[in-house]
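Chemist: Quick one: structure below, then a few questions.
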Amino acid sequence: MPRLESCAWSCSCTARGRHRSQLGGTAAGLAAKVGEMLSSSVSSPSLALVGRGARSPSTSSASSTASTTSTASSTLNWSQHLVQRSVVLFVVGAFMALVLNLLQIQRNVTLFPDEVISTLFSSAWWVPPCCGTAAAVVGLLYPCIDSHLGEPHKFKREWASVMRCIAVFVGINHASAKLDFANNVQLSLTLAALSLGLWWTFDRSRSGLGLGITIAFVATLITQFLVYNGVYQYTSPDFLYIRSWLPCIFFSGGVTVGNIGRQLAMGIPEKPHND
């Protein structure tokens, strides 16, 4: 009996030891698997972050280089377009001033001293450059004011309309030199009506009306200053050394040059902004 009990006890102890060893092995395996999973989950984000950190400098540098290149190219295109428009407006203004001033001289409306008359179409040499510069400034100012006010000019935006506007402006100048009225007041009122009709027919914008009036006022003051200092003079002055219809000519000229500048500004690349 003692031997049987001892054998049974030893067998039961052995079974318990095997069971415990199996449980311990299972627990150790589970712990090892959990450790591997944790290590893999920790290492993979770190690797991803390292990879992103390694790629981000090159990507950011490439994008910054591309944006700098595009900004530089757009700035160059905008500057070239601005220079081209300025040259065209200067040439148009100088040519129109030369022709119209010659008409005024032939009709003895404008008189220059003999010492300032050049051989170039019997006109003063400084008239075409000054008028060309003024035309370039006015032609660039009109589309700039339109964009600043947020009111783009869309009324009759075509070259045919611009050419008709130039023809009407030349006709107004021709009328000021050749039409004979009983007095200068009637001539001034007629030219004022024609100038307003030119604005209504080819512009109809508030910015065009405001700039036209401003140009007429400033140009009239400059002309009065030149006449007062004896640079040239007008026959039969009736409005502070000048003719009373002269502001109408300046107004219609500003509207005409403004339409030319607006037409030239169509399709211009936008000026780059530095963020």
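From the backbone N, Cα and C atoms, a Cβ is placed for every residue, glycine too.
Note that TrEMBL annotation is computational and uncurated.
Predicted, not measured: the structure shown is a model, and the values here were computed from it.
So TrEMBL lists the following for this protein:
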{"type": "REGION", "residues": "49-68", "note": "region 'Disordered'"}
{"type": "COMPBIAS", "residues": "58-68", "note": "compositional bias 'Low complexity'"}
{"type": "TRANSMEM", "residues": "87-105", "note": "transmembrane segment"}
{"type": "TRANSMEM", "residues": "125-145", "note": "transmembrane segment"}
{"type": "TRANSMEM", "residues": "181-202", "note": "transmembrane segment"}
{"type": "TRANSMEM", "residues": "209-228", "note": "transmembrane segment"}
{"type": "TRANSMEM", "residues": "240-261", "note": "transmembrane segment"}
Chemist: So, taking each listed stretch (87-105, 125-145, 181-202) in turn and counting its Cβ pairs to the transmembrane segment (209-228) that are under 8 angstroms, which one gives the highest count?
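Modeler: Stretch with maximum Cβ contacts: 125-145.
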Chemist: If we skip the immediate neighbours and take only residues 6+ beyond the ends of the transmembrane segment (181-202), which ones have a Cβ under 8 Å from one of its Cβ atoms?
Modeler: 155-156, 161-162, 164-165, 168-169, 171-172, 175, 208-209, 212, 236, 238, 243-245, 248-249, 251-252, 255-256, 259
Chemist: Below 8 angstroms Cβ to Cβ, which residues of this chain, lying six or more residues outside the transmembrane segment (87-105), approach it?
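Modeler: Residues packing against the transmembrane segment (87-105) from afar: 111-112, 120-124, 127-136, 138-140, 166, 170, 173-174, 176-177, 253, 257, 260-261, 264.
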